[in-house]
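Some notes on the structure that comes next.
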Amino acid sequence: MRHLLSAADLDRATAIEVLDAAAQMAATQAREIKKLPTLRGRTVVNLFFEDSTRTRISFETAAKRLSADVINFAAKGSSVSKGESLKDTAQTLQAMGADAVVIRHPASGAPHRLAHSGWVGTSVVNAGDGTHQHPTQALLDAYTIRRHLTGTTGNPDGVGNDLTGLRVAIVGDVLHSRVARSNVQLLHTLGAEVTLVSPPTLVPVGAEAWPCSISYHLDAVLADQQPDAIMMLRVQRERMGGDRTGATGFFPSPLEYTRSFGLDARRLRMLPDHAIVLHPGPMNRGLEISAEAADSPRAVILEQVANGVAVRMAVLYLLLAQERETLA
Ligand code: CP
C-alpha cells in the first residue's frame, strides 16, 4: 500500500487486512506495550489545513506508539497565511525528511493532488478532504461495528470477519459528509447493507448511484429495517450557505431536523437490543443526537475514538513498514 486516499482504494481483502492489523495493534495496547519500535527512524507529518481534534491527535498518537518522529503542521499560524501554496508547503516538509504525509484539507481532492502530482515522494494519507473522503474514519467505524456485532467468545475482535448481513443506517447531513461517502463505500465492500436516511435537501446529487438505499423517513427505517448499527452524522453548519441548502442555513430548520432525524430516547427504544450507536464526532448534542442517546450504554462513540488509534497505527504500519504494491 503506497497511499490511502479513499475508501475506494480498499478491496475486501485489503480492508480486512487493515482491520486485522488494527486488532493486533489494539492487543499490544491492551497488554500495555504502549510503544512498538516498528517505525523508528521514520517521520510522519500531520498537515492539517482544517480543524481537527480526534483525527489529528489520533494520528499523532498512532505514529508515536510506532516510535516514528512526528511533525505537526497546522495551517493557522504558518506561512500558508502568507499565501504559500500546498506544493511549496509539502515540499518544505519533505525537505525536513517526511516519510508520510497525513493531510486534512477543505478542498476535495487535495490529498489526491499531493499523492499524484510528483511534488513529494512520500506516502499520503487522507485525513479528510472537503466533502469527499475520510477513509480512516470509515475503517475505524467498520472496526468498531465488526468488533461489537461479529465478535465471539473465541474471537472477540471478529478477526477475519467481514460485515455480511449487517444492516447499517447512516443518518443526517449526507450532503456535506465525507464520513458518509467513505462509509457507504467501505461498508458495502465489507458486505453490509447500508441505508442513508436524510432530508431530501441534504442528499447529494448522484447518491442514487451509490451502493446503498436512501430513505427520507427515520422512524420507518427504524421500525422496518431494525438496523444493527445506526451512525448519526454531524450537521455541518459551517459548510451550509451558498449551496443548494440556501445561504441562510439549512432546510429543514434545526427544530424540524431534530424532530424528524434526531436520535432521541424514543428512537433509541425502537432499535433492536443488540444495536449500537455511532457518531464520528464532534457531536451537536440536542441537534442530531440527544444527550440521552449520546451517553447511553448503546453508544460506542468514545470506543470509536480509541479504536481510531489502533486503526491508524495499522494504516501507518502497512504504508511504511511493508514493501507492497501500490494501491492508489
Ligand atoms: N471524526 C473526525 O474527523 O473528527 P475531527 O474533526 O475532530 O478530527
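Placement of Cβ uses the backbone N, Cα and C atoms for every residue, glycine included.
Note that TrEMBL annotation is computational and uncurated.
For the carbamoyl phosphate site, TrEMBL records Arg54, Thr55, His134, Gln137, Gly281, Pro282, and the single candidate of Arg104, Arg167, Arg239 listed with them is Arg104.
Long-range C-beta contacts of Arg104 (carbamoyl phosphate binding site), restricted to its own chain and to partners at least six residues apart, with a cutoff below 8 Å, comprise Leu47, Phe48, Phe49, Glu50, Ser52, Thr55, Arg56, Ala127, Gly128, Asp129. For Lys82 (L-aspartate binding site), applying a Cβ distance below 8 Å and a minimum sequence separation of six or more within one chain yields no residues. Between the CA atoms of Gly281 (carbamoyl phosphate binding site) and Arg178 (L-aspartate binding site) there is a gap of 13 Å. Checked against ligand 1, the binding-site residues Thr55, Arg104, Arg234, Gly281 give Thr55, Gly281 in sequence order as having a Cβ less than 6 Å away from one of its atoms. Across the range of the domain 'Aspartate/ornithine carbamoyltransferase carbamoyl-P binding' (2-146), the DSSP-based residue counts are 67 helix, 27 strand, 51 coil. Arg178 (L-aspartate binding site) is surrounded by 24 other CB atoms, counting those within 10 A of its CB over all protein chains shown. If you compare Cα positions, Arg178 (L-aspartate binding site) sits closest to His134 out of the binding-site residues Arg54, His134, Gln137, Pro282.
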